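Taken verbatim from TrEMBL:
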| type | residues | note |
| --- | --- | --- |
| REPEAT | 123-157 | repeat 'PPR' |
| REPEAT | 260-294 | repeat 'PPR' |
| REPEAT | 295-329 | repeat 'PPR' |
| REPEAT | 367-401 | repeat 'PPR' |
| REPEAT | 402-436 | repeat 'PPR' |
| REPEAT | 437-471 | repeat 'PPR' |
Amino acid sequence: MNLAKRVATSFVSAQSFRRPLNQFQVTQFFHLSPSHFSKFCTPTNSILHANPNLSSSMMPNSLLEHVLCNDWSAKLEKSLSEGYGSQLSHEAVMYVFKRLTADPRKAQKFFNWLVNVNGFKPNSSVYSLMLRICANKDCMKEFWVIFREMKEKGIVLDGETYKSIFYGFRKSRMDTAAAELEKFYKLTMKENATCDSVNEVVSVIKRSDWGYVVEKELLAKNILLSDEFILGVLKELRDARCPLVKFFEWVEEGLNYEHNSITYNGILRVLPQEDSVEEFWSMLKKMKTAGYDMDLDTYIKVSRSFQKARRFEDAIKLFEHMMDSPYKPSTGEFTILLRSIATRAPSDVDMIFRVVKKFEEAGNTLSKPIYDVIHRSMTGLGQFDEAEKIMETMRNAGYEPDNITYSQLIHGLCKAGRVEEASKVIDTMEELGCDPDIKTWTVLIQGYCRANAVDKALLCFAKMMENNVDADGDLLDVLINGFLSQGKSVGAYQFLTEMANKAELRPWQATYKTLIQKLLGEMKLEEALDLLRGMKKFDYPPFVEPFYQYISKLGTVEDAMEFLKVVSKGCPSVAVYHHIFKSFFEEGRLSEAKDLLYKCPHHIRKHPSICSLFGSTNNHKRRQKSVTTS
C-alpha cells in the first residue's frame with residue numbers, strides 16, 4: 001500500500017484548508033474525582049475492586065463436571081452409574097444438555113445413558129432440546145432416531161421448536177431434511193390423539209370467561225391428565241393470561257394433579273408477556289416453595305424475552321434468582337445479558353454493576369470481554385474518570401488494554417466533542433507498544449468527520465498510511481460521508497477515484513451508490529457516470545436507477561447515449577433501452593425518445609418490446625388528439 005500512502009499524502013497536501021491547524025497541547029482526560037467516583041466504590045459496584053486472584057467459577061454439581069471433563073467411555077458410564085444411581089431430576093438433565101449443545105455426540109451418549117441406565121423418562125422439553133442439539137448435517141441419523149422415538153411415545157414436537165429447526169435446515173441448505181421434517185411434523189400432528197384432546201379443552205376454555213360453567217364442561221370430558229397434555233394446553237393458551245393461570249391452578253386444586261418441575265417450567269415459559277409479569281413472579285415463587293427449580297433452557301428463553309422487551313429489571317432479577325440456584329447461567333449467558341443492558345439501556349450503569357456483582361459473588365472472575373463491556377458503558381456516558389478506574393482494575397487482573405479498549409475510549413471522547421484529546425490516545429497507545437489498528441484509526445477519523453473537520457480527518461488518514469496501516473472500504477466510506485456532510489461532493493468524488501484507481505483500494509458498493517445519488521442531485525452527470533465506470537471495474541452491478549430519473553428529466557439524447565455506453569460492457573441489453581425510452585415517455589419527452597431510437601442499433605429499433613412501447617405511445621397520442629378535436 002505504498003502507492004496508497006503517496007496518493008493519500010498528495011491528496012491531503014493539495015487540499016486548501018480554510019484555517020491553519022493549531023498545535024494542541026495534550027489535555028489530561030483522566031481527571032480523578034473521588035467525590036464523583038465514590039458511588040462506584042460501593043459493594044454494589046465491587047468490580048472496581050476486583051480481586052484478580054479469585055478462583056475460577058466452581059462447577060454447580062459434580063455431574064456436570066463428570067460429563068464435561070471426560071471423554072465418553074465405558075469407564076465414565078460406570079462412574080456415572082455408581083455416583084448417580086437414583087433417577088436424575090428434570091432440571092439437572094436440562095442443565096447438562098444446555099452445556100452440551102456444542103457436542104452433539106456426547107449429548108447423544110449421555111441421553112442414551114439416561115434412558116437405558118439411569119431410568120430417566122424424557123419429556124417433550126428434553127426431546128425438543130435434544131432435537132435442537134442434533135439438528136445439523138453430522139447428526140441427522142441421531143436426529144431422526146429421536147424424532148421417531150417421540151412419535152412412538154405420543155410426544156408432539158412443539159411448534160416453536162419445529163419452526164426453529166425447519167428454518168435452520170433451510171438456512172443450512174438442507175432442503176431435503178427440511179421437507180422431511182415438515183412432512184413428518186404434519187403427519188404427527190394429525191395422528192396424535194393428545195393434540196385432539198388439547199384442542200377440545202382449549203376450545204372450551206376460549207369460548208367463554210373462566211368460571212363454573214367452563215369447569216363443569218371440562219369435567220364432563222373426562223380428561224386424561226399428563227405432563228404432556230398440560231404442556232400442550234399451556235402452549236395453546238399462551239396469549240390468554242387469565243385462562244392460562246386459571247387452568248393451571250384448576251388442574252391442581254380441582255383435579256388433584258400434582259404439578260412438578262416439567263409443568264412449572266412449562267407455564268413459566270409462556271407467562272413472560274407484557275401483561276402477565278406479576279403472574280410470572282408469583283408462579284416462580286410458588287414453584288420454589290414446592291421444591292422445584294427453573295431449568296436452564298426455560299431461563300434462557302424467558303431472559304431473552306425480557307431483554308427483547310427491554311424489561312431489564314425483570315431480566316436482572318431473574319438472573320439473580322438463577323445465580324442463587326444450583327443451575328447457574330453460563331459465562332456466555334451472563335455476557336449476553338450484560339451486553340444487552342449496555343446496548344439498549346446504556347445510561348443505567350447501576351444495572352450493569354448489579355449484574356457483575358452477582359456474577360462475582362458466585363466465585364467467578366471477569367474476562368477481558370466483560371471488562372470491555374463495562375468500559376464501553378463508562379466511555380459512552382462520558383464518565384472517563386470511571387473508565388480509567390476500569391482500565392486500571394483490568395490491568396491488575398492481568399489484562400492489558402488493547403485496540404478494543406482504546407477504540408472505546410476514543411469513541412467516547414469523540415462523542416463528547418473532545419476529538420483532539422481522542423487523537424492523543426493514539427500517541428499514548430504507540431508509546432505503550434499497542435499499535436493502533438485500522439478499526440481504531442477509523443473511529444478517530446470518523447470522530448473528526450462528525451465534528452465537521454474533514455481536513456484534520458485527512459491528515460489523520462495520511463498519518464495512518466505512514467504507519468503502514470492499510471485502509472479499507474469501511475474507512476473510505478467514513479471519509480466520503482465526511483466530505484458529503486460538508487457539501488464537498490466533488491472533493492469526495494476526486495478522493496474516491498484517486499484511492500480506487502491509483503491506490504487500488506476497493507470501495508464499498510454502498511459508497512458508490514451514495515456518492516452517485518449525491519452527484520446527480522447536484523447535476524454532476526459526468527462525475528456520476530465516471531463512478532458508474534468505477535463500479536464495473538470491481539464487478540459491482542451497475543447502479544442505474546437514479547440515472548433513468550435524471551436523464552429523463554434533465555438529460556439530453558447525448559447523455560442517454562453516453563449512459564448506455566457505460567452501463568454495459570458490450571451492447572446494452574434491450575431492457576436498459578426499454579427503461580430509458582419509458583422514462584422519456586413518462587416525462588412527456590417523446591421527441592427525445594424518437595431521436596434516441598433513431599440512433600439505436602437496428603436490432604433495438606426492431607425489437608418487439610420496443611416497437612410495442614412506441615406503438616402504444618403513438619396510439620395513446622392519437623386518441624388524445626381525437627378527443628381534443630371532437
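Using the three backbone atoms N, Cα and C, a Cβ is placed for every residue, glycine included.
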Given the repeat 'PPR' (260-294), its same-chain partners at Cβ distance under 8 Å and 6+ residues beyond its ends are 89-91, 123, 125, 227, 230-231, 234-235, 237-239, 241, 244-245, 248, 301-302, 305-306, 309, 311, 314, 317, 321-322, 325-327
Sequence-distant residues near the repeat 'PPR' (123-157) by C-beta distance (under 8 Å, 6 or more away from its ends) are 90, 93-94, 97-98, 100-101, 104-105, 107-108, 111, 164-165, 168-169, 172, 174, 177, 181, 184-185, 188-189, 192-195, 227-228, 231-232, 262, 265-266, 295, 297
Taking every residue in the repeat 'PPR' (260-294), the average pLDDT works out to 91
Checked against DSSP, the composition of the repeat 'PPR' (367-401) is 26 helix, 0 strand, 9 coil
In DSSP terms, the repeat 'PPR' (260-294) comprises 23 helix, 0 strand, 12 coil
DSSP tally for the repeat 'PPR' (437-471), helix/strand/coil in that order, comes to 26 helix, 0 strand, 9 coil
